[in-house]
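**Student:** This is the feature table in TrEMBL:
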TRANSMEM  17-37  transmembrane segment
TRANSMEM  63-80  transmembrane segment
TRANSMEM  154-177  transmembrane segment
TRANSMEM  274-292  transmembrane segment
TRANSMEM  355-378  transmembrane segment
TRANSMEM  398-419  transmembrane segment
Amino acid sequence: MAGGGGEGASLEFTPTWIIAIVCAVIIFMSLFFERFLHYVGKALKHKKNFALFEALLKVKEELMLLGFISILLSVFQGAIQRICIEDSVMLHGLPCKREPADSVSHLSSIRHYQTNFPLHFTGMRTLLASGSKGSGHCKNGKVPLLSLEAIHQLHIFIFFLALTHVVLSLITVVLGITQMRDWKSWEAKIQEEDDTADKMVSHVRELPFIKKRFKENAIVGWLHSFGKQFYGPITIDDYRTMRLGFIMMHCSWNPKFNFYKYMIRALETDFKKVVGISWYLWALVIVFLLLNVNGWHAYFWISFVPFTLLFILGAKLEHVISDLAKKVVDRHIAIIGNLVVIPSDDLFWFKSPKLVLFFIHYILFQNAFETAYFFWILTIYSFDSCIMGKAAYIIPRLIFSVIIQVVCGYSTLPLYAIVSHMGSRFKKAILPDHMHESFEQWLATAKKNKLKGKKTTNEDTAGDKLRGALNRNRATNGGDQTHVVAQSGVEMHEIQEEPEQETEIEIGIHK
């Protein structure tokens, strides 16, 4: 480039004070954000909220991946531009309809997404017009694979996508916890109830939970479940019944088990999974970008998938509660004492409660993609740009996004938070946070020894660490001891209190 400064000047002809100021601002903003995340992490550790702390570490991992992708795009942009392809290839799969060749210049044919619209966000003008290295080496009839502006716009889009996914996931969890705020008072009320009162005989169909949830006709039951997700999806009778069912199946020795705290810890752990962008979600991004062809309106039709799946998922979660009621009616006419439901994996799709979290993860990511794509186009181009599409296709997508965000936060997530525990197993959140690391170390050693055909003994180093952690927990709780048994080397099967005279902690693996 020519000297003398100006819009196209390189660093060779840029005043040093400008370079220093720009670098100082960027470094200051980066350090400020890094310190902010650091102090948030310290606050979470101070409050012993290790699940959310792990979620924060997951956010940092996503930011690091985002930075790595950005670095790769920057480093290889020269190599990408040196790849020349036939100009005719550029006529296929365009997001915008290209004008006739005789009415546009050769420059217009290689400026992706930039034929008619300015770059509002960066104010950046094309570098190709100045005969830069990216386009000068291509022979007549050939163009670079990707222009500099297109690469720069990809930087911005990836940033928008990652940021939007994290923010919307956080908003969803906050909305869900806000919706569950009454559950804490329900738990306190149940804890205060007298368990020694005389147990009465009750007709099953007269119980409030059964009367509200049980439907004779299967079609009516599904319609009721579909509608119930929109108004008071969980009542105190639902909470009381599912809580008791969980306690009687997994920790019957502790009727005062705090089910609410367990749910919140489990939800915070699941948030760590939801806030991440897995490899299959990045694969979906590639597919979505590939389908953005002029005239297909692919994003409009794709937006129906998470919208429909969300309501199906909510209906399924409500129907799991109805199935719990139906099983009680099928087995009993009358009961003595409190109503006890039986959690089971058979109530869920493919006998997998974890599949529900996968669907929620996909729905939130798809919604984040829609939102990020809209604001990216609005920022880079304008609402009237051809790549944005017609308003008749844009407005419904925006409405879908808002509905998905609200319904998922206020209905689907609270339903998942409690119904996901109606499976045959419980989650590791049942352990206190400070015991997770010791247990996971012991569990990893147990799995390793099992694969080697060795028997896990109490002399295992990881087992010693776990016993030490449990003994410390016993001392903290005034002498209470904990009995731990791991089922199939996969998860905890029992956690119960032992008589005070016992001094050993038994650790074993049930086949």
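The backbone N, Cα and C atoms fix where each Cβ goes, glycine too.
Give me the structural setting of these features: burial, nearby parts and distances.
**Tutor:** Tertiary proximity for the transmembrane segment (398-419) is limited to same-chain residues at least six positions away from its ends with a CB under 8 Å from its CB atoms, namely 168, 171-176, 179-180, 183, 229-230, 233-234, 238-239, 242, 263-264, 266-267, 303-304, 306-307, 310-311, 313-314, 317-318, 320-321, 356-357, 360, 363-364, 367, 370-371, 374.
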**Student:** So what's near the transmembrane segment (274-292) in sequence-distant terms, Cβ-Cβ under 8 Å and 6+ beyond its ends?
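**Tutor:** For the transmembrane segment (274-292), the list is 55, 58-59, 61-62, 65, 93, 95, 161-162, 165-166, 169-170, 172-173, 298-299, 302, 357, 360-362, 364-366, 369, 387.
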**Student:** Using a Cβ cut-off of under 8 Å, list the residues of the same chain at least 6 residues beyond the transmembrane segment (17-37) that approach it.
**Tutor:** 11, 56, 59-60
